[in-house]
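Undergrad: Just lifted these from TrEMBL, have a look:
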| type | residues | note |
| --- | --- | --- |
| DOMAIN | 8-96 | domain 'Endoplasmic reticulum vesicle transporter N-terminal' |
| DOMAIN | 143-421 | domain 'Endoplasmic reticulum vesicle transporter C-terminal' |
| TRANSMEM | 20-43 | transmembrane segment |
| TRANSMEM | 398-420 | transmembrane segment |
Amino acid sequence: MPAKSRFTRLDAFTKTVEDARVRTTSGGIVTIVSLLVVFYLVWGEWSEYRRIVVHPELIVDKGRGEKMEIHLNVSFPRIPCELLTLDVMDVSGDQQTGVMHGISKVRLAPQSEGGQAIDVKALDLHSEDDIATHLDPEYCGECYGAPSPPAARKKDCCNTCEEVREAYASKSWAFGRGDNVEQCEREHYSERLDSQRKEGCRIEGGLRVNKVVGNFHIAPGRSFSNGNIHVHDLNNFYESPVEGGHTFTHQVHHLRFGPQLPEEVTKNLGSKALPWTNHHINPLDETHQETDDPAYNYMYFVKVVSTSYLPLGWQSKGGQREIPHELVPIGGHGHGRDGSVETHQYSVTSHKRSLIGGSDAGEGHKERLHMRGGIPGVFFSYDISPMKVINREERTKTLTGFLTGVCAVIGGTLTVAAAIDRGVYEGTQRVKKLHQR
């Protein structure tokens, strides 16, 4: 038997001769409509294939020895920059007092004058201009019973007001306004302090800490350690000539742990009904607290959750995260060259109390009693979650799924169109037969 005959028996697509085919107007209309439907549905399949969605995953965070950046922008309209100190501590034993790296103190005009920024560079009252270069090179200032600070420009001497303050802090002595201290009187320390009394301050910038449980706080006066106790020199804060004193009324303009997610990334998170914004990641943004009590304490308890964003085509190796953190500038930590982002989300609860103690009836909680004592200021205590969220970009369909969908669209549409055409044709024929009778 010829080979052609074998395949002829297997033909599932039998044909009719041209003379047996009937073409109708209704069939032409159904064909045009079916082609339009096919094009529309195939375009929908293509759009679905090109669409990128973000699939969240929850895993155990197995990272060890990592660093984390904290970026903050907080305004204090009723306390000058000279009285504010930023301290960072963690459970690993690292205590960074007087943090300045990556942090700026912006002097703000009094609220009655608008509160605008008047100076960004004046991080403290003492600059290179304070050094008494006109004094005798052999001059050795007295430290007034305290040991000379390790960073003194001249060993066993305190030649500037700042060095005397550091010497006092090492002995846990209150310094005050520097009255009767030769170095401070020469530099007009008290006069310059009084000139800033009515000003406000904004602390902004970033700092890098160990990714372990810890806290950072903004409190008045120079900070120092007395044994295992962290204390602040509060004399200048409480002994204020300003009516009503200084208070820790503040506004948290921005607080985040890690880099900010780009806007195009946040658009892929959430849904149209519930769009995702960076406020979901940084819930403390634009938080405002106000008080007229100088002895007042604010505490924010933050639960930090590590979050990764992995774009389409992400590679597990490469990127800036393999570079030692010492070589990465503040603000660059967490960004990969492949577009991936290592950041953190957080949830927060807050607590505030007067350091005088007593009941919390003013806040509607008569049953709550506050302890007496403490340091006035704003404290952020953060804890690290053992879980990690991975937001991974993926296509909704594979190429195989797209081709399968196209075949289903074409086959299904033509099958339905053929059934409709057949029904219309049969109906037309029956109507004609009825009219002929």
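In case you wondered, yes, glycine gets a Cβ from its N, Cα and C as well.
In TrEMBL, annotation is done automatically, which means it is predicted and not curated.
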Undergrad: Mean pLDDT, the domain 'Endoplasmic reticulum vesicle transporter C-terminal' (143-421)?
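TA: Within the domain 'Endoplasmic reticulum vesicle transporter C-terminal' (143-421), the model's average pLDDT equals 81.
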Undergrad: Are there residues at least 6 beyond the ends of the transmembrane segment (398-420) whose Cβ is under 8 Å from a Cβ of it, and what are they?
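TA: For the transmembrane segment (398-420), the nonlocal Cβ contacts are 30-31, 33-34, 37-38, 41-42, 45-46, 48-49.
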Undergrad: Let me spell it out: take the transmembrane segment (20-43), skip the flanking residues so only those 6+ beyond its ends count, and list any with a Cβ under 8 Å from a Cβ in it.
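TA: Answer is 406, 409-410, 413-414, 416-417, 420-421, 424-425, 428.
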Undergrad: What is the number of residues in the domain 'Endoplasmic reticulum vesicle transporter N-terminal' (8-96) that are helix, strand and coil, as DSSP sees it?
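TA: Across the domain 'Endoplasmic reticulum vesicle transporter N-terminal' (8-96), DSSP assigns the residues as follows: 34 helix, 28 strand, 27 coil.
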